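Chemist: Residues annotated as domain 'MacB-like periplasmic core' in TrEMBL: A:17-239, A:495-689. The feature domain 'ABC3 transporter permease C-terminal' is assigned by TrEMBL to A:274-395, A:725-840. Feature annotation from TrEMBL assigns transmembrane segment to A:271-296, A:319-343, A:363-385, A:415-434, A:440-473, A:494-515, A:720-746, A:771-794, A:814-833.
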Amino acid sequence: MLRASWKSLMARKLRLFMSAFAIILGVAFVAGSFVFTDTLGRSFDSIMTSTVGDVVVRPVAAGQGDLESQPSTATVPGSLVKELADVPGAARADGNITNFGTFVVGKNGKLIGGFGPPGIGVNFTDGPAAKGLQPFTLTSGHWPQANGEVVLDEKTAQKAGYLVGEKINLVSSGTQPRIQAKLVGITRMEGGTAGASISVFTTEEARTLFMEGKDVYSDVWVTAASGTSQEELRDAVAAKLPKDYEAVTGDSAAAAAATDVQEALGFITTFLLIFAGVALVVGSFLIVNTFSILVAQRSRELALFRALGSTRRQVARSVLFEATVTGLIGSILGLGLGVVIAMGIRALFGQFGLDLSGQSLIIAPRTIVVSLVVGLVVTLVAAYLPARNAGKVPPVAAMRDDAILAESGMRGRTIVGTILSAVGIGLLGAGLFADVPKATYWVGAGILGIVLGVALISPLVGRPVIAGIGWIYRKTFGAVGLMAQQNAQRNPRRTGATASALMIGVTLVSMMAVFGASAKASVDEAVDKEFVADYVVSSVVGTPFSPEVTRELAAVKGVDQVAAFRWDQVTVKGSDRQVTGIDPSHIGVLGPTPMVAGKLAGLTTTTVSVSEELAKAEKLSVGSKIDLTRGGTTKPFTVGAIHGDSALLSSDYLLSLPALESLGGPKTDSYAFITREAGASAVQVGRDLDKALADLPVVTVKDQGEFADEQRAQINQMLYLIYALLGLAVIIAILGIINTLALSVIERTKEIGLLRAVGLSRRQLKRMLRLESIVIALLGAALGIGLGVAFGVALQRSLADDGIDVLAVPWPQLGFFVALAGLVGVVAAWWPGWRASRLDILRAVTTE
Amino acid sequence: MTTDLAPERRDTTPATARVAARVTDLVKTYGSGDTAVTALKGVSLDIAAGEFTAIMGPSGSGKSTLMHCAAGLDSVTRGSVQLGDIELTTLKEKDLTKVRRDHIGFVFQSFNLIPTLNAEENILLPLSIAGRKPDRAWFDQVISTVGLGDRLGHRPGELSGGQQQRVACARALVSRPEIIFADEPTGNLDSTSGAEVLGFLRRSVDEFGQTIVMVTHDPGAASWTDRVVFLADGRIVTELREPTPERILETMKSLDAKVQG
């Protein structure tokens, strides 16, 4: 029996490949995301081990928080460093100064580095990292010995085009935004820098640049004397530390830092796994279909097995065996493709500046096991129903010509589909509009439920669509159109499942299209109605910039007001909340903010403005006391104002800049908003602002229109990335249509032969298949756009309070999707049509 | 094909008849080299218009191959096939499709109806493929002759074998082809249904002057025709006019004896 299925499998390698393709893609995404995450983790593990000493002493505030918030400005006094060197078990102690906003300006005047990896400025010490590791190896020149000397890491120096001995330009988020120094050496960092740039200065100069000239450090490395373990040294150091400072072992500090990075980059894994899920769901439709058709085609053969004494179970098992082989081959190929995908992502990240080429790809046993299991399980689950149906073939079918597996009733299917959709709607609604924990999971499960539910009832809900298209077909194409429509209706489930595969991709694409259009429309409206500032200053790499920039721009002729603006995070009652630091004296520049109580201009170092929403939820009013925590610092604040939503000020908490700094908040600006003096020339002021920032490529100034364009461009960029990945789901769906049509052609060989015999030309035959294919594709598109628009509207409604308050449905774009689906139909029909038209008429007519 | 041909043909006699199809020195070889099998070894045959011709012969005699080649379904190795004035062997696929569509009708052993179309749609299929309007009067006449009036809305699955074959016959007739090729049309039918189908074919020859070539191995079926051509081992060996089942059986027996002897 198994031999027979093996032979049947090998006889149809192409079919095997087509159904395995979906599995290959799905598994590839799973494997790719694991390989990439592991590689990322390992490279940061190795980088981080050289960024810690045996024991790290730091302000408690610095150890808190994560990469989402800005680094703490709390410091360690220089006097403590000397004391720590004398702790028993310590060989030495070195104070480190670290700044995360120091970038090198290349020879061409452009900034080296991109969105994400930091530009790190440090002081030079010859203290070893943990376990005696030397973090830096000098490859040429010497370490900085005097002020005005700098050493760069080799990749950065190479990208910038600087040679040892040259004068170089740097920009910094410290008190001096521009730095000029002489490049005196090149260093290589242990484990690579993952795209970060590193500039090394003398301790004295680093202090001037980054610590406002004070004798303080960011943290201290205490090196263990031989024979002392990290833990022993930590305990000895901890005993000496005043309050507000902590000592951690290098191992745990490195692990924590690496974990932070991985968590921050975790969205990539999630993103990839979502697409893996989409690909696998779409793929499973393809597999159900392929195996159903297969069973239908082989029903006579299977009946013969039954007549010869095979049990139902044996017959079903033979089909499952075929599925196992398909699943296994698909998974193995998918695993291979996954490694390629991981390489692709790594290369893509390299483009954006996160350079991981120092670390070879890691294919963990877990990756292999998970990939194979996922691929196999999905295939087997999808093939289960067709296999069970195969077992139900009556033995007598072997004796009859026309005994084809009858499609069982639609009732059970309709009921299950309806229930699934209803449950899905409930989950989606709860996830979007109710306050449930892990709302994303609810939304995901809801969408999956609705999609599967609609896929189940698609043969039913698709009827009017097919009938409508069929009517046009009959009017336009006569008999050929009629036959195309009827062929599409012949196996409603097959058509439904094939269309559903396309539906999933179209649903998600349309949902994102509606969401993206709404987001863009919201940005436009916000800029249009609420934007008062004439110019916006922002960082080109996403890191905050020196407050000196704001001060300099205020002096530019024709500038009226400049308002600094800082994003940060505080902890309130244990949960992280977004806070915005504002300049109360220039609050008007940030646009009209509807106030419920108090005035933003009246904010002091001890008062905070809370959002209307938060005030309601927490029952706060002017005069209420709340504690805000940042890092280890907690301070009491009084509610001084309650603000409504506006485009820029949507955070729950608004603090004055000095208040935020007193909590250890950043002394760097995220944005600066500028208004022009009445009567000043827009062109002239814009040009002057550009000139003022010409030697500071880390920031750019944009006018209202450019700012809106930039926001829109960011949304578009996200959309295009999602479209590109969803494009893969559409490709799987195209393969599904090809597969279904190709198998249908084989099933209808005799009919096609007859049609050709009675005079159907090849062209007409191809047209017939093309029309059938287009029906399937358009059905998928219609269902998908219906669902996608509904999901998109729901998503927009749920985010209306978070700034996406304008609903825009991009009808032309959706129309384009429909046209594209039609094209998909045309493309998918090409190969089956070609094959059908090449059928030998005589053999086709007389085939059994 | 013009509509006024039918009444003219009714009066023709075999001896002076117009030739509807002419096969000359037809050779058909399958495969090549050592494994080559020659199914037809130089067959020449005229099919008179308005005549009902049967082709008989034992299995492997080449009768089906002859029909397939004559109908333009299969290519020939050598020789010529003419349908009216048209030489089929030199036609391109596209033109051949057109010839089949406009000048030839088919009836197959296994009915070969399109399961998704109802009886009427199946009957009109060749016309709608060609994009021609059916001649209603002719259609009604064909339908009443086949006796399917009340079953026109049914799909093939809802019809008996005999009814399906009658639909297939009506489909072949409705486009008024010059010639109808029928390949064992009664092979899958019981004797009653078979007789109905044969009776219908006979009437279409007598009443409409239709030319029909039928391949069969059933002497009973062949006795409904005007002329029986016998094939053995790829050659025409003899033929009968105004055949009866007895004479056909006798001829077959003598052929068997010759082949064995």
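Keep in mind that glycine also has a Cβ here, set from the backbone N, Cα and C atoms.
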Chemist: Given the domain 'ABC3 transporter permease C-terminal' (A:274-395), which of the listed stretches A:17-239, A:495-689, A:725-840 has the most Cβ pairs that are under 8 Å apart from it?
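Modeler: Comparing A:17-239, A:495-689, A:725-840: A:17-239 has the most Cβ pairs near the domain 'ABC3 transporter permease C-terminal' (A:274-395).
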Chemist: Cβ under 8 Å, sequence separation of at least 6 from the ends of the transmembrane segment (A:415-434): give me the contacting residues as numbers and ranges.
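Modeler: That would be 440-457, 460, 791, 794-795, 797-798.
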Chemist: Under 8 Å between C-beta atoms and at least six residues away from its ends: which parts of the chain pack against the transmembrane segment (A:440-473)?
Modeler: 274, 281, 285, 410, 413-414, 416-432, 481-482, 484-486, 488-489, 492-493, 495-497, 499-500, 503-504, 507, 771, 774-775, 778-779, 782-783, 787, 791
Chemist: Can you tell me the mean pLDDT for the domain 'MacB-like periplasmic core' (A:17-239)?
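Modeler: Computed over the domain 'MacB-like periplasmic core' (A:17-239), the mean pLDDT is 84 on the 0 to 100 scale.
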Chemist: Within the domain 'ABC3 transporter permease C-terminal' (A:725-840), how many residues are helix, strand or coil going by DSSP?
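Modeler: Helix, strand, coil within the domain 'ABC3 transporter permease C-terminal' (A:725-840): 99 helix, 0 strand, 17 coil.
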Chemist: Sort out the residues at least 6 away from either end of the transmembrane segment (A:771-794), same chain, that have Cβ-Cβ distances under 8 Å to it, and list them.
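Modeler: Result: 428-429, 432, 447, 450-451, 454, 458, 461-462, 465-466, 469-470, 473, 477, 480-481, 484-485, 487-488, 495-496, 498-515, 518, 733, 737, 740-741, 744, 807, 809, 814, 817-818, 820-822, 824-826, 828-829, 832.
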Chemist: If we skip the immediate neighbours and take only residues 6+ beyond the ends of the transmembrane segment (A:814-833), which ones have a Cβ under 8 Å from one of its Cβ atoms?
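Modeler: Distal contacts: 502, 506, 509-510, 513, 730, 733-734, 737-738, 741-742, 744-745, 765-766, 769-770, 772-778, 780-782, 784-785, 789.
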Chemist: What are the DSSP helix, strand and coil residue counts for the domain 'ABC3 transporter permease C-terminal' (A:274-395)?
Modeler: 102 helix, 0 strand, 20 coil
